[in-house]
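**Q** Below are the structure tokens for one structure; questions will follow.
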Amino acid sequence: MHKSGSGSTLGPDGLDLTQAFFKPISNAAPPSPTKRHNKISVIGAGNVGMAIAQTILTQDLTDELVIVDNKPDKLRGEMLDLQHAAAFLPRVKINSSVEYSVTAGSDLCIVTAGARQIGGESRLNLLQRNLSLFKAIIPPLARYSPETVLIIVSNPVDVLTYIAWKLSGFPSNRVIGSGTNLDSSRFCFLIADHLQVNAQDVQACIVGEHGDSSVALWSSISIGGIPVLSFLEKQQIAYEKETLENIHKTVINSAYEVISLKGYTSWAIGYSVASLARSIIRDQRKIHPVSVLAKGFYGIGDVEVFLSLPAQLGRGGVLGVTNVHMNKEEEQRLRDSAKTILEVQTQLGI
Ligand code: NAD
């Protein structure tokens with residue numbers, strides 16, 4: 001059995017099996033031009049890229065999934081492994097190539113390619129290794145999909161999102177870093193675990209750098225709609241600031257801990273990025289803490305720096321930044337976080 005040039009399937013005697021199985025309906029109406037076809041490309045078929053790809057597939061977020069990597073054998077192996085799950089998944093066209101032309105016309109491009117963080121290595125140390133790599137990845141992506149939304153996952157994610165913005169020439173609303181979406185999920189998990197509640201009932205946000213200078217917004221945390229700190233104060237329930245600081249420290253150390261134990265992180269970032277893909281592709285207008293151009297927000301000033309702020313995501317990418325309440329200390333920490341990222345960015349000279 002082989003494919004004919006027209007895509008129909010021919011049996012050994014030249015019989016067109018597609019025609020034999022399916023008698024075409026005469027006068028069939030063509031597919032509606034208003035029916036949207038979605039295409040998502042994932043760049044990098046490593047642990048993170050494949051966790052994202054498989055979460056996108058299981059959550060039925062796209063009609064077409066493309067994977068790009070510069071290691072052809074590994075790439076083909078990963079593609080086949082996913083294709084072999086076809087009987088258990090909604091119908092999706094899965095394709096892969098080392099060539100960027102395969103990504104043409106993508107609605108969303110997710111970049112995970114990069115040097116991996118080695119145990120104990122800070123995210124900022126990864127930067128030089130990933131900068132030249134982005135110079136080879138972003139321009140062809142932008143050329144083949146000029147209308148796409150870019151999500152950057154590779155670390156250090158905030159600076160690389162800035163670099164991707166510069167290299168793509170896209171408007172800033174179409175360049176997003178996965179940022180602290182994952183840190184915030186870790187934060188919700190730890191608070192939920194501490195208070196024995198469901199993590200989905202915890203509204204808690206980490207902003208700033210995806211890394212050591214991130215800022216936990218304790219003053220706006222609520223559980224089931226009840227603001228936590230003001231509730232504890234009104235009930236005169238004593239809480240230790242140190243306990244709160246320790247939860248935040250655990251969030252910061254989470255990635256280092258997982259990497260030292262299993263060598264890399266994958267499942268949580270897979271779910272985290274799939275949640276961003278859903279908000280964008282399905283125009284959910286949901287608010288996520290993600291890395292966006294922070295110029296002019298929260299007193300950050302007239303500087304071109306990407307860091308995480310609570311942003312509303314929809315089909316066009318970033319629709320707006322939420323004006324969340326921050327106390328003076330939180331605002332100061334956010335500005336310090338911006339300074340940390342900006343210092344590294346300035347050293348790059350781009
Ligand atoms: P990995 O080493 O398993 O995968 C990286 C992949 O990129 C490899 O398959 C490699 O072949 C590919 N690659 C390298 N150069 C390429 C190029 N020029 N073109 C195409 N593909 C190329 O690493 P990983 O564990 O998947 O992590 C990937 C990145 O994601 C790292 O930078 C890591 O720090 C980052 N990460 C970010 C977050 C976050 O929250 N933002 C979380 C986890 C990991």
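Even glycines carry a Cβ here, placed using N, Cα and C.
Annotations per TrEMBL:
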ACT_SITE  H210  active site, proton acceptor
BINDING   G44, A45, G46, N47, V48, G49, D69, N130, V153, S154, N155  NAD(+) binding site
DOMAIN    39-177  domain 'Lactate/malate dehydrogenase N-terminal'
DOMAIN    180-343  domain 'Lactate/malate dehydrogenase C-terminal'
**Q** Which residue among the binding-site residues G44, G46 has the fewest other Cβ atoms within 10 Å of its Cβ, if you could check?
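**A** Least crowded of the binding-site residues G44, G46, by Cβ count within 10 Å, is G46.
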**Q** Mind giving me a neighbour count for N155 (NAD(+) binding site)? Other Cβ atoms within 10 Å of its Cβ, every protein chain shown.
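**A** The answer is 27 other Cβ atoms.
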**Q** Rounded to the nearest Å, what's the C-alpha distance separating D69 (NAD(+) binding site) and H210 (active site, proton acceptor)? Just drop the number here, would you?
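**A** The Cα atom of D69 (NAD(+) binding site) is 24 Å away from the Cα atom of H210 (active site, proton acceptor).
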**Q** Where does V48 (NAD(+) binding site) sit in the DSSP three-state scheme?
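**A** Looking at the DSSP assignment, V48 (NAD(+) binding site) belongs to a helix.
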**Q** Around the Cβ of H210 (active site, proton acceptor), how many other Cβ atoms lie within 10 Å? Please give the count over every shown protein chain.
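**A** Summing over all protein chains shown, H210 (active site, proton acceptor) has 29 other Cβ atoms within 10 Å.
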**Q** Taking just the CA atoms, what is the gap between G46 (NAD(+) binding site) and the residue listed as 'active site, proton acceptor' in Å?
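**A** Counting only the Cα atoms, the answer is 20 Å.
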**Q** Mind computing the max CA-CA distance among G44, A45, G46, N47, V48, G49, D69, N130, V153, S154, N155, which the record assigns to NAD(+) binding, rounded to whole Å?
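**A** Farthest Cα pair among residues binding NAD(+): 17 Å.
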**Q** Between the Cα atoms of G44 (NAD(+) binding site) and H210 (active site, proton acceptor), find the distance and write it as a whole number of Å.
**A** 20
**Q** Run through the Cβ atoms and count how many others sit within 10 Å of the one on D69 (NAD(+) binding site).
**A** 23
**Q** Using Cβ-Cβ distances, find the residues under 8 Å from V48 (NAD(+) binding site) that belong to the same chain and are at least 6 apart in sequence, listing them in sequence order.
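**A** Within the chain, V48 (NAD(+) binding site) has Cβ neighbours under 8 Å at T112, V153, Y264, T265, S266, I269, G270.
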**Q** CB neighbours of V153 (NAD(+) binding site) within 10 A?
**A** 28
